[in-house]
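Trainee: So Swiss-Prot says this about it:
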type	residues	note
TOPO_DOM	1-36	topological domain 'Cytoplasmic'
TOPO_DOM	58-61	topological domain 'Extracellular'
TRANSMEM	62-82	transmembrane segment
TOPO_DOM	83-107	topological domain 'Cytoplasmic'
TRANSMEM	108-128	transmembrane segment
TOPO_DOM	129-162	topological domain 'Extracellular'
TRANSMEM	163-183	transmembrane segment
TOPO_DOM	184-191	topological domain 'Cytoplasmic'
TRANSMEM	192-212	transmembrane segment
TOPO_DOM	213-244	topological domain 'Extracellular'
CARBOHYD	N232	N-linked glycosylation site
TRANSMEM	245-265	transmembrane segment
TOPO_DOM	266-285	topological domain 'Cytoplasmic'
TRANSMEM	286-306	transmembrane segment
TOPO_DOM	307-335	topological domain 'Extracellular'
TRANSMEM	336-356	transmembrane segment
TOPO_DOM	357-380	topological domain 'Cytoplasmic'
TRANSMEM	381-401	transmembrane segment
TOPO_DOM	402-406	topological domain 'Extracellular'
TRANSMEM	407-427	transmembrane segment
TOPO_DOM	428-474	topological domain 'Cytoplasmic'
TRANSMEM	475-495	transmembrane segment
TOPO_DOM	496-506	topological domain 'Extracellular'
TRANSMEM	507-527	transmembrane segment
TOPO_DOM	528-539	topological domain 'Cytoplasmic'
TRANSMEM	540-560	transmembrane segment
TOPO_DOM	561-568	topological domain 'Extracellular'
TOPO_DOM	590-618	topological domain 'Cytoplasmic'
MOD_RES	T605	phosphothreonine
MOD_RES	S617	phosphoserine
Amino acid sequence: MLWQALRRFGQKLVRRRVLELGMGETRLARCLSTLDLVALGVGSTLGAGVYVLAGEVAKDKAGPSIVICFLVAALSSVLAGLCYAEFGARVPGSGSAYLYSYVTVGELWAFTTGWNLILSYVIGTASVARAWSSAFDNLIGNHISRTLKGTILLKMPHVLAEYPDFFALALVLLLTGLLVLGASKSALVTKVFTGMNLLVLSFVIISGFIKGELRNWKLTKEDYCLTMSESNGTCSLDSMGSGGFMPFGLEGILRGAATCFYAFVGFDCIATTGEEAQNPQRSIPMGIVISMFICFLAYFGVSSALTLMMPYYKLHPESPLPEAFSYVGWEPARYLVAIGSLCALSTSLLGSMFPMPRVMYSMAEDGLLFRVLAKVHSVTHIPIVATLVSGVIAAFMAFLFELTDLVDLMSIGTLLAHSLVSICVLILRYQPDQEMKSVEEEMELQEETLEAEKLTVQALFCPVNSIPTLLSGRVVYVCSSLLAVLLTVLCLVLTWWTTPLRSGDPVWVTVVVLILGLILAISGVIWRQPQNRTPLHFKVPAVPLLPLVSIFVNVYLMMQMTAGTWARFGIWMLIGFAIYFGYGIQHSMKEVKNHQTLPKTRAQTIDLDLTTSCVHSI
């Protein structure tokens, strides 16, 4: 009895949504073109970081080789982007990674993904709103901050902000009102601001190549000494590297690439438009790939121009572009850069706010969050309640809280979503070409089929069928789960025991070699299984290699987070599990459908019994 109850409970946690190939019906308005999705992706990804990040990384980590950092970071990010693109072509819904997890690995993982996406978008919105407020305040001489500091102070360091940011509050509420007007209106504003941002960045890149000097990529120690002697008469070269194009060596490039990786986060907002894109199976993959390519060109071009205009060690880490234009004698250009920065912050803010209610709506429609969040406006066809609720929460966060310590928490949610999407692509590529059934139906079907199919060594490495079967699909499912565990263990070892590995400690080197051997062997089993041949507008190439590399990169970056960040993540997940086990698991649409099916079955049984009784009595 207890075993059956536990079995039913476990089945609830892994029950999956039906995989619907095609667009299907939606209550939202299909009004977004491919251009709208590209603008949304570029605007969300190409935020204020392009105006700040290049200076910080070039000065302290990579020097002129920052261009290679952005190339490495782009290649790492594009792995996750390709996985999102395939799912956008295969499962065009509004839930992004939440929906992809639900149709592949089950309800509990889907809730975990969606819950963390909500946190990421809320923190992202609030932090960008405060950055917008700070940038505007800086333009007008810091009058806003000085006035508020002199009248209202919040004396709770590391929890509340130094002062309440009324400007950030008003900005988030204003953009919430814009989102309420409909997806087409917000898409138009995004296109305008993204276009202005790209024009400013084009001016920066062209100006940099005109005014730049190639000698700034070939600096020597003599140049460093000359600079130091002009400043204070000393020659401390430790912080400047060893000269040349790669002054900090390969290690500097890798450290810089890890920082630059976060510059490409944001494209996943395109995946939340599956129910509003006119042709999602084509537009979502194209939008993701094109937007990532544009962002790479922008980052690559700006970092090249910046390091050509002035020596990297003279860059100002907080405002590199204005300082670079002052260095080459183009002082008025700093105002154009300021306008571009505000446009970038505006599109980044919209890019964080747009997907937030879509994820809430998708989860509420499935019953995992409160159903009221799934209410859609009859005129604008947007999730009205989810939009208002998410906007108010983000505005409140921007108004009161110090968000510096929460940015890493936002990164965990994003990286977890990227990892799960990569795993889901790996699993779904090898599943039979059929709609996913409920857990109970699938288990019955599998038991019948597996009686005919037996797991042998030949089935692992030389399967007979050229198309996926239930057995080959289950093999890939188990192997993918094992690979996820092994990759996590590998990342833990590489993070916590770096020193003994570098020194060649035979114990830890053996451990790493064994883990890599197991990963290669299990990957070989997956590689030998037949793939699903359903035609899609886009498919990830080199499966299973690329999804596995994507998982490794994302998990490794997650392991770099501090213990405090993981503690906050644990608290957030406890709140989420309280909602899921207290509400979602009972109100899930899968649960409701099961309860609706049972009475019908019982009614048919009663009718049959009554009919039989009547026959006997006659």
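Cβ atoms are placed via backbone N, Cα and C, with glycine included.
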Trainee: Decide whether the stretches the transmembrane segment (381-401) and the transmembrane segment (407-427) have at least 3 CB pairs under 8 angstroms, with pairs required to be 6 or more apart in sequence.
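Mentor: The answer is no, given that the two segments have fewer than 3 Cβ pairs within the 8 Å cut-off.
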Trainee: Can you name the far-off residues of the same chain, 6+ from the ends of the topological domain 'Extracellular' (561-568), with a Cβ under 8 Å from a Cβ of it?
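Mentor: Here the qualifying positions are 405-406, 408-409, 411-412.
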Trainee: Could you check whether the transmembrane segment (407-427) packs against the transmembrane segment (336-356) - three or more CB pairs closer than 8 Å, residues at least 6 apart in sequence?
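Mentor: Stretch pair does not touch.
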Trainee: Taking 3+ C-beta pairs under 8 angstroms (sequence gap of 6 or more) as contact, is the transmembrane segment (245-265) in contact with the transmembrane segment (62-82)?
Mentor: yes
Trainee: Below 8 Å between Cβ atoms, which of the listed ranges 62-82, 108-128, 336-356, 475-495, 507-527 makes the most pairs with the transmembrane segment (192-212)?
Mentor: 336-356
Trainee: Provide the three-state DSSP residue tally for the topological domain 'Extracellular' (402-406): helix first, then strand, then coil.
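Mentor: Taking the topological domain 'Extracellular' (402-406) as a whole: 3 helix, 0 strand, 2 coil.
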Trainee: Cβ under 8 Å, sequence separation of at least 6 from the ends of the topological domain 'Cytoplasmic' (184-191): give me the contacting residues as numbers and ranges.
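Mentor: Distant contacts of the topological domain 'Cytoplasmic' (184-191): 29, 31-32, 35-36, 39-40, 43, 178, 347, 350-351, 354.
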Trainee: Using Cβ atoms only, state whether the transmembrane segment (475-495) and the transmembrane segment (540-560) have three or more pairs under 8 Å that are 6 or more apart in sequence.
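Mentor: They do touch: at least three Cβ pairs between the two stretches lie under 8 Å.
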Trainee: What stretch in 62-82, 336-356, 540-560 has the biggest tally of Cβ pairs under 8 Å against the transmembrane segment (507-527)?
Mentor: 540-560
Trainee: Mind pulling out the one from 62-82, 163-183, 336-356, 540-560 with the most Cβ pairs under 8 angstroms to the transmembrane segment (108-128)?
Mentor: 336-356
Trainee: Which residues of the same chain, at least 6 past either end of the topological domain 'Extracellular' (402-406), have a Cβ under 8 Å from a Cβ in it?
Mentor: 123, 126-127, 130, 157-162, 564, 568
Trainee: The transmembrane segment (336-356) and the transmembrane segment (62-82): do they have three or more Cβ pairs under 8 Å, with pairs 6 or more apart in sequence?
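Mentor: In this chain the transmembrane segment (62-82) does not contact the transmembrane segment (336-356) - fewer than 3 Cβ pairs sit under 8 Å.
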Trainee: How does the topological domain 'Extracellular' (561-568) divide up by DSSP, counting helix, then strand, then coil residues?
Mentor: 6 helix, 0 strand, 2 coil
Trainee: Checking distant contacts: for the topological domain 'Cytoplasmic' (357-380), what same-chain residues at least six beyond its ends satisfy Cβ-Cβ under 8 A?
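Mentor: For the topological domain 'Cytoplasmic' (357-380), the sequence-distant neighbours (Cβ-Cβ under 8 Å, at least 6 residues beyond its ends) are 17, 27-29, 93-96, 98-99, 102, 107, 110-111, 114, 117-118, 121, 179-182, 272-273, 275, 386-387, 389-391, 579-580, 583-584, 587-589, 591-592.
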Trainee: Counting only residues 6+ away from its ends, which parts of the chain sit with a Cβ under 8 Å from the topological domain 'Cytoplasmic' (83-107)?
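Mentor: Counting only partners 6 or more residues beyond its ends, the topological domain 'Cytoplasmic' (83-107) has Cβ contacts under 8 Å with 12-24, 26, 28, 113-114, 117, 267-277, 280-282, 284-285, 288-289, 355, 358-359, 361-363, 366, 368, 417-418, 420-425, 427-428, 436, 534, 536-540, 546-547, 550, 585, 588, 590.
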Trainee: Determine which residues of the chain contact the topological domain 'Cytoplasmic' (266-285) at the Cβ level, with the cut-off under 8 Å and only residues 6 or more beyond its ends counted.
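Mentor: Beyond its ends, the topological domain 'Cytoplasmic' (266-285) has Cβ neighbours at 22-23, 26-34, 36-37, 40-41, 44-45, 47, 77, 80-81, 84-97, 99-100, 183, 291-292, 295, 348, 351-352, 354-355, 358-359, 414, 417-418, 536-538.
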